[in-house]
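The annotation active site, nucleophile is assigned in Swiss-Prot to C82 on the grounds of sequence analysis. Annotation comment: Swiss-Prot describes H191, E193 as active site, evidence class sequence analysis. The domain 'Glutamine amidotransferase type-1' annotation in Swiss-Prot covers 3-212.
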Amino acid sequence: MTDIAIVDYGMGNLRSVAKALEHVAPEAVIAVTNNPEVVRKAERVVVPGQGAMPDCLRELDRLGLREAVRDAAANKPFLGICIGLQMLFDSSEEGNVSGLGIVPGRVKRFPASAMKDEKGQKLKVPHMGWNQVHQSVGHSLWKNIANDSRFYFVHSYYVEPADADSAGHSAYPFSFTCAVAKDNIFAVQFHPEKSHAAGLTLLGNFVRWKPV
């Protein structure tokens, strides 16, 4: 049996995620896969993703992975990264598409009118680079990670949960949710595989996580 399945739907640098997981869990059986049955049988599932959410959802459907991802999000330790966070939500302003509807809320674009720093200078979209993450709640995946640690971001859209599912916030320039926690799901807007020690710690915590 595969210990960790990394869902491969052709949208993201999956090798960097796999390499980071191999580093923190050298004895684990890790599969980068587009096979729905491998995803269903894995003990843990990671859904990364980069690019446009409509394209990601279309590829999930083309490969027959949508229901396997939904089943994983309902039944086993599940980590979403970047678009893997956004697609969990009900809908997105990006292409006005419906998401998987697993986490109540929506995905919104950074509004051009609000993208100014405290000096009035224009901020670029996408939000790209290192930023602090404030831990909104205590969670097993934050273990041994200092509050307000810096993680690496690349995104033009952010999530807005409808319920109290937020587990972390960042600011660009306003506060936005960058991590959600719901039952056996933990999902982040930033890229832990690119976030050096803090990111590796989070991935190691995921490998050991036993949701109640």
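Glycine is no exception: its Cβ is also placed from the backbone N, Cα and C atoms.
Mean pLDDT, taken over the domain 'Glutamine amidotransferase type-1' (3-212), works out to 97 on the 0 to 100 scale.
Look at H191 (active site): DSSP puts it in coil. Counting every protein chain shown, the number of other Cβ atoms lying within 10 Å of the Cβ of H191 (active site) is 22.
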